[in-house]
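These come from TrEMBL:
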TRANSMEM  107-125  transmembrane segment
DOMAIN    111-253  domain 'Sodium/calcium exchanger membrane region'
TRANSMEM  146-169  transmembrane segment
TRANSMEM  175-198  transmembrane segment
TRANSMEM  210-229  transmembrane segment
TRANSMEM  235-253  transmembrane segment
REGION    291-337  region 'Disordered'
DOMAIN    381-530  domain 'Sodium/calcium exchanger membrane region'
TRANSMEM  382-410  transmembrane segment
TRANSMEM  416-438  transmembrane segment
TRANSMEM  450-474  transmembrane segment
TRANSMEM  486-503  transmembrane segment
TRANSMEM  515-533  transmembrane segment
């Protein structure tokens, strides 16, 4: 082997070191947090896999009819009952309010805490977690396709992953699956609808990114359906989901070649814009790097504004003197140490109220997590990554705990809370970011990010916690799926993809207000029927929860 080849291998190994360190640190933190919770709840006990599963009443779909002894030992505070499932609220510490206090108005406090946890997750993801991932991608010199399919997707879907881990190891119910399903529908219907309604312009989109991501998304839905159809998840099923995600990364790695091949096909679609190379997480806008101050040419096919129209459907005119600063080579944002301080009081009443309410969270992260966007902390990005994961896990734990209490107090199943409140809460930051890029005219980026993140949610946010439990922590055990209504909801996910493609094609491959209204209407219909399934309106699909003094 020549000297150049050896140097190349050594360079590649050096680039992989931070990736391996970050990956194993991440997996270790998840394992420690989930397994440590079991040890804290059962100090001094050695919990066997079978005993751990049966203590939660989740060994199989059977309804505790002949299992009073196990039920009593697992939940001594609740009387044995038949034809009911253990409430997830008993898997968490007792709340700080009694049931009567919650019903007398104390539930508002839990709702406020839940909203505050959503805000905390958004702050950590936007200000710390995503920048640290961008710096890792820069250090590894990853292409945007691969970075978007791996680290960037992890950044936008970190709350869903943390929620799924907590659902598998702590709540031991289906709130994780329902949260992912609800988030998937929210992303593909609500987010794209919001982009079409409030972008302020008509945006044309290309066919290839939508068809590419929708096809693999359908494959992910089909894999999830096969996994939960028998109402249990095994180690080989979770492994299959992870392998599908690796295949997705390979596909994104070869996206450029696939796109060239796809454009040679005789398809009844059209490419509306040429200036935006869509990826899962972002785009490659023009002008080329290293060409600062380039003036936009309205006749240049690489100008993304050619694919934009004004609110009346007419082509948007580009001002010849409009100057665009060239993007830097680094994906990671840079901040100087003398930039705006978090302690600076903003101008305006609304801004000041928002600043005051979020100040405790901002101060907490300012003193515990290094901001790797600042020059003096740029080498600390791995520490930022680790601390961000810890805070996301902590906020997600409290969020799921509060939502479980809210649902139990109101008599709403955890799956319905996952489909609605959790899905909206963890996906709201994605909706805002997609709307921002849609306002800039990058429709492919907004659509691909919405659909592509669903692939990550299904294959990794569900596959990884299931694999961790069935193959690593408790080898040979299963993760039961309690709600049969989730099977119908999973099947219904196909309808959202098919409807999206048909509606997009019939609308001329553009995002406008009419298109947004149709998607919003379809989203509301889906959520209503999915919730009614979980509430047993269309038949007895899910047994009621047992009563609990919690």
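Yeah, the Cβs are placed from backbone N, Cα and C, and that goes for glycine too.
Because TrEMBL annotations are produced automatically, they should be read as predictions rather than curated entries.
Sequence-distant contacts of the transmembrane segment (486-503) (same chain, six or more residues past either end, CB-CB distance under 8 Å): 174, 177-178, 181, 184-185, 188-189, 192, 210-211, 214, 217-218, 221, 224-225, 228-229, 415, 419, 515, 518-519, 522, 526, 529-530, 533-534, 541. Within its own chain, the transmembrane segment (210-229) has Cβ neighbours under 8 Å at 177, 188, 237-238, 240-241, 244, 248, 251, 255, 258, 262, 269, 280, 444, 447-448, 451-452, 454-455, 458-459, 462, 481, 486-487, 490-491, 493-494, 497, 500-501, 504, counting only residues six or more beyond its boundaries. Long-range contacts of the transmembrane segment (175-198) within the same chain, counting only residues at least 6 positions beyond its ends with a Cβ under 8 Å from a Cβ of the stretch, are 88, 160, 163-168, 217, 228, 400, 403-404, 414-420, 422-424, 426-427, 430-431, 434-435, 438-439, 443, 446-447, 450-451, 453-454, 457-458, 461-462, 465, 481, 483, 486, 489-490, 493, 496-497, 500, 511-513, 515-517, 519-520, 522-523, 526-527, 530, 534. Counting residue by residue with DSSP, the domain 'Sodium/calcium exchanger membrane region' (381-530) contains 127 helix, 4 strand, 19 coil.
Listed stretches 146-169, 235-253, 416-438 were compared with the transmembrane segment (450-474); the greatest number of C-beta pairs under 8 angstroms is found for 146-169. It is 382-410 that, among the stretches 235-253, 382-410, 416-438, forms the most Cβ pairs under 8 Å with the transmembrane segment (107-125).
Proximity of distant same-chain residues to the transmembrane segment (382-410), defined by a Cβ-Cβ separation under 8 Å and at least 6 residues beyond the stretch ends, is recorded for 18, 21-22, 25-26, 29-30, 33, 87-89, 92-93, 95, 99, 102-103, 107, 110-111, 113-114, 117-118, 120-121, 124-125, 128-129, 131-133, 136, 158-159, 162-163, 165-167, 170-171, 175, 365, 368-372, 416-417, 421-422, 425, 545, 548, 550. Break the domain 'Sodium/calcium exchanger membrane region' (111-253) down by DSSP state and the numbers are 122 helix, 5 strand, 16 coil.
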